[in-house]
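S.K.: Got a structure here, written out as structure tokens. Questions coming.
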Amino acid sequence: MSYSLRIADLPEDERPREKLLKYGAKHLGNAELIAILLATGQGKGKLSAVGLGQYILQQLGQNRQDPMDVLRNIHPQELIAFPGIGPAKATTILAAVELGKRVFQSRPLEKMVVDSPEAAAIALSQDLMWQTQEHFAIVMLDVKNRLLATKVITIGTATETLIHPREIFREVIKQGATRLIVAHNHPSGGLEPSPEDIRLTEFLLQGAQYLQIPVLDHLILGHGKHQSLRQCTDLWERFPQGD
């Protein structure tokens, strides 16, 4: 596809809007999705809307960055700096990005059963998934793993958060929960548990054994992904929770 060719001059099955209607949004590339938001390119003889979308992604992807990660938190003036992008197009893109975040984060909480890392990640996505600071939160459950409440316990720096097990179990007992899942985010998007993450989990599992309030998992969240320490470590074999 020529990125200077007007979308109106493309074969119908190559036009972003027509492709979306015929095949669904998931079949469009990122540049094509941006093109739909832009509606127009830079003008006659210059980049089409698809070409401009591709150019934006290329520029955002400099220095080996993921352009979608950059776009997730981009400032309006950064978009307006691109030739062919004015306030109207910039705000349309930013509104779409924000709407996507909210759709991802939205979930029905009442009577939600949290019986997997995926379900726990959904329950905590609004509090943890896209934060630029490190947050530590807990999911409190009843005996049937039904969600009672979620709570952010601490907000730390971008690299660490300070938490003591007693703060966690105090809140769990206060809510009348019988089991819990703990979680924190890595603002970098990396999901590898740090030595501090492992040590804190050990302390929590030991405290849970003493209080007979099982800790079902410790999740790390970031940039739309999650990691379960129960699945990637042997901590629950070393400190059984009786769950």
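Cβ atoms here come from the backbone N, Cα and C positions, even for glycine.
Taken from Swiss-Prot, the feature Zn(2+) binding site applies to His184, His186, Asp197. Among the features that Swiss-Prot reports, domain 'MPN' is placed at 113-235, with the record citing sequence analysis. Feature annotation from Swiss-Prot assigns motif 'JAMM motif' to 184-197; the stated evidence is sequence analysis.
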S.K.: Taking only the residues in the motif 'JAMM motif' (184-197), give me the average pLDDT of this model.
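M.R.: Residues in the motif 'JAMM motif' (184-197) carry a mean pLDDT of 92 in this prediction.
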S.K.: Can you give me the same-chain residues 6 or more apart in sequence from His186 (Zn(2+) binding site) with a CB-CB distance under 8 Å?
M.R.: Glu134, Ile220, Leu221, Gly222
S.K.: Write out how many residues of the domain 'MPN' (113-235) are helix, how many strand and how many coil, based on DSSP.
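M.R.: The counts are 46 helix, 37 strand, 40 coil.
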S.K.: Note down the number of other Cβ atoms within 10 Å of the Cβ of Asp197 (Zn(2+) binding site), including every protein chain shown.
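M.R.: For Asp197 (Zn(2+) binding site), the 10 Å Cβ neighbour count is 17.
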S.K.: For His184 (Zn(2+) binding site), just count the other CB atoms lying within 10 A of its CB, please.
M.R.: 27
